[in-house]
Amino acid sequence: MLKALFLTMLTLALVKSQDTEETITYTQCTDGYEWDPVRQQCKDIDECDIVPDACKGGMKCVNHYGGYLCLPKTAQIIVNNEQPQQETQPAEGTSGATTGVVAASSMATSGVLPGGGFVASAAAVAGPEMQTGRNNFVIRRNPADPQRIPSNPSHRIQCAAGYEQSEHNVCQDIDECTAGTHNCRADQVCINLRGSFACQCPPGYQKRGEQCVDIDECTIPPYCHQRCVNTPGSFYCQCSPGFQLAANNYTCVDINECDASNQCAQQCYNILGSFICQCNQGYELSSDRLNCEDIDECRTSSYLCQYQCVNEPGKFSCMCPQGYQVVRSRTCQDINECETTNECREDEMCWNYHGGFRCYPRNPCQDPYILTPENRCVCPVSNAMCRELPQSIVYKYMSIRSDRSVPSDIFQIQATTIYANTINTFRIKSGNENGEFYLRQTSPVSAMLVLVKSLSGPREHIVDLEMLTVSSIGTFRTSSVLRLTIIVGPFSF
């Protein structure tokens, strides 16, 4: 400002000595300055004092010639003056005030510079630039006084450094960034300021020495939810398999694979970061853990069905042989054909056995036996042939399963008529040639037929069980036969 004031005063002196020149009067100042009627010169406006909340976001306001700066609170400003300190005598007509111009290099320690600037240290102010915290501002300020604008636009004016005269004879800011007159490095960004410029590192970089180096954002948590990938001047977030970035490009959210691209053949269950496949009953996961294969239940167990297991897709079923029906899905139950349908004649009776039925004559008596109302075959005493034959024969039928466990009581014989002073004995008269049976007397009038060898069917056994009755005084002797037909079924059920 002193330099501009000195030139102005010199111009006024020349004007006063030349009577032919038109007297120049000043009516206004450039932007950022106001007229001081006392000192008769333009003075800087301290916007930091008069503008409410001039800087936002925690920035500090630093008054600047013709304007102000909003810088981080940690920023420092070193003023670079291109002229050493000078003192000039006031010209005629001025207030006589002296404005000092102080070179930054003349400051030995930190302190406040004229115009509101700051100096860091003697070593730092030796050069024309400084760094201001992480934002990397390099600021050059030229605190020369702005020139007052003459009311006569035909006269040329002197502008402060960083300004130039416009076609309207006002001092306007020089955009050093556009003009290419800045001294920012190739890896820095030039930012134009009023009357000056600043050099700043691009986003994602920080100043280290004279260079802009990449900021590794991945070392400053928590930038990313899961994975952080640093790139020159930036970074990006990645998610683990099974997750995807949310709209904020930071948070990882689970991918519901069951909704997006269901790869499961049957059932899909989403879990955090993945999914699992399950199969319906009767199927199992294949080796790829996606598809389902039928389980051959019949191969895995031989106890599923009582008779035969039939594998089907996803299930199995049980079958029974002819003469049986499936009950409770797995067991076989004999069908009583005598209660449903049979082919027996009128003179035959139907006898059901395990797995089938047979027709037997309703009158099984053979000559010389005759049928009584009690369904007994009796040999008449009057018939001479009956003297050597059993007095009566009773026909009975029973059915047993194949391979029945032994020993097993299967049939009980008992006298229907009891005579006084008689003794009854029991024996197997015929049909036990292979020793499959044993007759055990259980009382004076009864005996139990015992199966002692397992029988396999289908087959039929006819066993004659005889009861001998003898008088205790030997007056008479008689016998009765129970002809038992044993039908062995084809299966053990």
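Note that Cβ sites are derived from N, Cα and C of the backbone, with glycine treated the same way.
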CYS332 - recorded disulfide partner, Swiss-Prot, among CYS320, CYS338: CYS320
As recorded in Swiss-Prot, which of CYS184, CYS212, CYS218 forms the disulphide with CYS201: CYS212
Recorded disulfide partner - CYS218, candidates CYS224, CYS228, source Swiss-Prot: CYS228
Among CYS177, CYS184, CYS305, CYS359, which are recorded as disulfide-bonded residues, the nearest neighbour of CYS201 (disulfide bond) by Cα: CYS184
Distance [Cα-Cα, Å, rounded] between CYS350 (disulfide bond) and CYS359 (disulfide bond): 5
Those residues of the chain, 6+ apart, with a Cβ under 8 Å from that of ASN249 (N-linked glycosylation site): TYR236, CYS237
Remote residues contacting the domain 'EGF-like 3' (214-253) - C-beta distance under 8 A, at least 6 residues beyond either end: 202-206, 272-275
CYS224 (disulfide bond) CB neighbourhood, other CB atoms within 10 A: 20
CYS184 (disulfide bond) to CYS177 (disulfide bond) - Cα separation in whole Å: 9
